[in-house]
């Protein structure tokens, strides 16, 4: 698996806003939107393109477009915040959904939604989730995608923890690339990323009020 930590001043500045505990929901959402677009831009660099003839106002030239736009699959709830940034970069992408919440006692993922095409074989997939902590939720999502034939999966996570990255590598699943803004060193006893940015879903939308 190829791991790309995107090192850029604008990426670092938006990540800093998201990390700051004093950033309110609106500031956090705005920074996440900007950062999401930047990471999707970077993750798209290896997508296959095709060329076609087009007319400008003054001449004929060759244009470029994606041969097969990826399907964007957010792990919701927090991944919902990455849909609009992804579509701003790739407006003709399809969107699927995988819903998972975290059991706050066991720290294990609890799936509650799967809305995906039946056949994902030979279809580029961008699996997006702001946080890669233990890797449990992402690995569960990856196995769901693989069960539908996905063999070209790119994970886009804003903040990744080293234990989660290690779990992804050791699981030997069909992920070709991981794009992230940072790899933080550790998790605390509640399985939150340290230094991290807290609970991305809560900071986007407010506290979750559904009992699992």
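Cβ atoms are placed via backbone N, Cα and C, with glycine included.
Sequence annotations record features per position, and here Swiss-Prot assigns 5-phospho-alpha-D-ribose 1-diphosphate binding site to 77, 102, 129, 130, 131, 132, 133, 134, 135, 136, 137, 199. Feature annotation from Swiss-Prot assigns uracil binding site to 193, 198, 199, 200; the stated evidence is sequence analysis.
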Message = Just to verify a number: CA distance, residue 133 (5-phospho-alpha-D-ribose 1-diphosphate binding site) to residue 193 (uracil binding site), in angstrom, no decimals.
response = 6
Message = Between C-alpha atoms, which of these binding-site residues comes nearest to residue 199 (uracil binding site): 77, 135, 137?
response = 77
Key: Nearest-integer angstrom distance between the alpha carbons (Cα) of residue 193 (uracil binding site) and residue 131 (5-phospho-alpha-D-ribose 1-diphosphate binding site)   = 8
Query = Looking at the binding-site residues 129, 199, which one has the fewest other Cβ atoms within 10 Å of its own Cβ?
reply = 199
CB contacts for residue 133 (5-phospho-alpha-D-ribose 1-diphosphate binding site) [other CB atoms within 10 A, all chains] = 26
Note = Cβ atoms other than its own within 10 Å of the Cβ of residue 137 (5-phospho-alpha-D-ribose 1-diphosphate binding site), all chains, total 24
Task = Please report how many Å separate the Cα atom of residue 129 (5-phospho-alpha-D-ribose 1-diphosphate binding site) from that of residue 200 (uracil binding site), as a whole number.
result = 9
Request  = List the residues of the same chain that sit at least 6 positions away from residue 135 (5-phospho-alpha-D-ribose 1-diphosphate binding site) in sequence and have their Cβ under 8 Å from its Cβ, in sequence order, or write 'none'.
outcome  = 163, 164, 165, 166, 167, 168, 171
Remark   = Rounding to whole Å, the Cα atoms of residue 198 (uracil binding site) and residue 137 (5-phospho-alpha-D-ribose 1-diphosphate binding site) are apart by 16
Remark   = residue 131 (5-phospho-alpha-D-ribose 1-diphosphate binding site) has its Cβ surrounded, within 10 angstroms, by a count of other Cβ atoms equal to 27
Query = Hey, of 77, 131, 137, which of those binding-site residues are within 10 Å of residue 200 (uracil binding site), Cα to Cα?
reply = 77, 131
Key: uracil site, defined by 193, 198, 199, 200: further same-chain residues with Cβ within 8 Å of the Cβ centre   = 78, 130, 131, 159, 192, 196, 197, 201, 202, 203
Task = Specify the secondary structure state of residue 193 (uracil binding site) as given by DSSP, simplified to three classes.
result = strand
